[in-house]
Amino acid sequence: MKTLYEVMDGGSGDAEKVRRAGEILKAGGLVAFPTETVYGLGGDALNPGSSRKIYAAKGRPSDNPLIVHICRVSDLERIAWDPDGRAALAAEAFWPGPLTMILKKKEAVPMETTGGLSTVAVRFPSHPVAQRLIDAAGGFVAAPSANTSGKPSPTSARFVAEDMDGKIDMILDGGDVGIGLESTIVDLTEKEPMILRPGYVTQEMLEKVLGRVSVDRTILDASSLVRPKAPGMKYRHYAPKGDLAVVEGEPEEVIKRINALCEEAGRQGKRTGVIATDETARLYHADSVKSVGSRQDEEAIAHSLYRILREFDDEGMQVMYSEAFSARGMGQAIMNRLLKAAGHHVITV
Ligand code: AMP
Ligand code: MG
């Protein structure tokens, strides 16, 4: 299949590109598009054939449900139940934006889209290109991240092309995404809302609107024997090709240990990479040292993490070490993704 590649450049041709992308989706095809979190791989959420195609293009297990993207709060009631009004409250506070809600699904949503579950994940993204495309496609677009299953989510269209060229109908290039990590997922089907995947919208922010909110304990704890409630969280996501370990402890000790480990790996002829911060990057000796930004700036860290993991892949790094970050606030999402990428390999110094 030839994949069309269209750049949204803010010019007068943009409307026509979105219209054509919408036609592709309505006809059962697949289009990758930018959102404020990461690039999504879109298909018509109400068409079971489209959802099957999404699983095939990503190589994604079909028990891992898709998020349905809408472009109007009022469309929520066509696909999901909100018996206690909590979804409306959360929508008022966080939509459009990086929050996905799990709700009981209505008939219109096929089981292919929900991975066989009677619940559906719904999000109203804030990215203008995403909103226009969803509208052009008829209002309901199933869109997981636009990466091959197991690879870091794409934060720019060139990473989408790396994974999806030849497998989907079109890529809409809307530049780099803003946030860089996937949406927060909150389950509203139980009495107490529960965060199944941490993201930009934190527990604290949700509690201000919904009262007590719990967090699935499998989010940071690899040893837990409990199954994650979001089927997708049980897979080793976000995996780089080389071996990645997270090194935690006092900053000076972390730097010393990472340098020693890189030296050792270098002696064995392995290419080494370090994920550092602006404060520490110049203190490391490795084949490649990349800063995620200032340690104080969680938004910068979220923004660059996946890009750096992909760049290390492209550079053929075999052994990588990362500093650890605070797991509070948005740091919970950052550490969740980093620990998953590292297969929970943590070295404490
Ligand atoms: P992605 O689209 O790549 O961001 O992945 C979607 C995530 O949402 C996966 O971790 C899914 O397991 C999760 N998800 C989607 N639908 C549901 C649902 N009905 N219940 C629980 N988790 C869900
Ligand atoms: Mg994904």
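Yeah, the Cβs are placed from backbone N, Cα and C, and that goes for glycine too.
Please treat TrEMBL annotations as automatic predictions, because they have not gone through curation.
Site annotation (TrEMBL, ligand L-threonine) includes Thr37, His69, Arg123, Ala143; from Ser12, Ser51, Ser183, Ser214, the additional listed residue is Ser183. Annotated pair Ser145 (ATP binding site) and His69 (L-threonine binding site), C-alpha to C-alpha distance, rounded: 12 Å. Candidate binding-site residues: Thr37, Ser145, Ser153, Ser183. Fewest other C-beta atoms within 10 angstroms, Ser153. Other residues of the same chain near the L-threonine site, with their Cβ within 8 Å of the Cβ centroid of Thr37, His69, Arg123, Ala143, Ser183, are Thr35, Gly40, Ile67, Pro98, Thr100, Pro125, Ala130, Glu182. Restricting the binding-site residues Asn64, Arg197, Tyr238 to those with a CA within 10 Å of the CA of Ser183 (L-threonine binding site) leaves Arg197, listed by sequence position. Note: the CA-CA distance between Ser153 (ATP binding site) and Thr37 (L-threonine binding site) rounds to 10 Å.
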